[in-house]
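Down below is the structure, laid out as structure tokens.
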Amino acid sequence: MSRRLTMVAALVRPTARALPWTVFTAGWALGLAVAAVPVVFSMDLPAVVLADLARVAALCGAVGTAFVLDDPARHTTGVPPVPRPLRQAVRAALVLPALAVWWAAVLGVLRAGADAEAWAASPVGALTVEAGALCALALALAAAAVRFTVRSVPGPAVSGAVTALPVLAGVLLPKRFALFVPPGAPRWDDAHVLWAGILAALLAVWLLCAREPYRRRLGALHGPALRGPALRGRRGGTG
């Protein structure tokens, strides 16, 4: 355990420097701009519209989060001694506090532009679950791209998928499975049970995709033992 903690501590600073903070900031700034519409234009919006603004802002944040696993040096630095799950967990852990502060700011800006009655009808906790699921979608897709493709910078492709999938879900899902339900609708609670399940499933997908490929794990375990006899055999043959 102490060795693992030492490894994590050694990873924090270089990982923080390597993260694409500019891209994150762009997505988060766009989300804040969307949330600020009621404040900037002095509009009294109903809870339904406030919820939609929060969802658009959350999608902007998820698009920025899609770049969390981008590492242009992934295929040029050799095999790192740190397991991939730990590297990805450190990246996610570094971004998560900033993401939480950003979402709190989004809610604060929305609150500043809403009247008391509309804000009281806005279920902030349920909208936070939706935002978490969208960010988990970005993380899971990025991990899958790293695991199953040779992309070192999967962010652009993942951000496109993160944008498209919620739109497709809103258009194609039947009403009984609708996810983007207006506050106060009869299906609100059922929809957010689905959202919570989606969040848990996407985190599980990330954990599965974060694992090292089987052949790489096998090579790490048996590589030295296999290379040693082969090298001795070659030396014996040339001697």
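Along the chain as shown, residues are numbered 1 onward.
Glycine residues also receive a Cβ, built from the backbone N, Cα and C atoms like all the rest.
Summarising the annotation, TrEMBL assigns transmembrane segment to 21-41, 47-69, 90-112, 124-146, 153-173, 193-210.
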Short question: which residues 6 or more past the ends of the transmembrane segment (124-146) have a Cβ under 8 Å from it? 51, 54-55, 58-59, 61-63, 65-70, 74, 84, 88, 92, 99, 103, 107, 154-155, 157-159, 161-162, 165-166, 179, 188, 192, 195-196, 198-199, 202-203, 205-206, 209-210
Sequence-distant residues near the transmembrane segment (21-41) by C-beta distance (under 8 Å, 6 or more away from its ends) are 50, 53-54, 56-65, 67-68, 70, 95, 98-99, 102, 105-107, 109-110, 112-114, 155
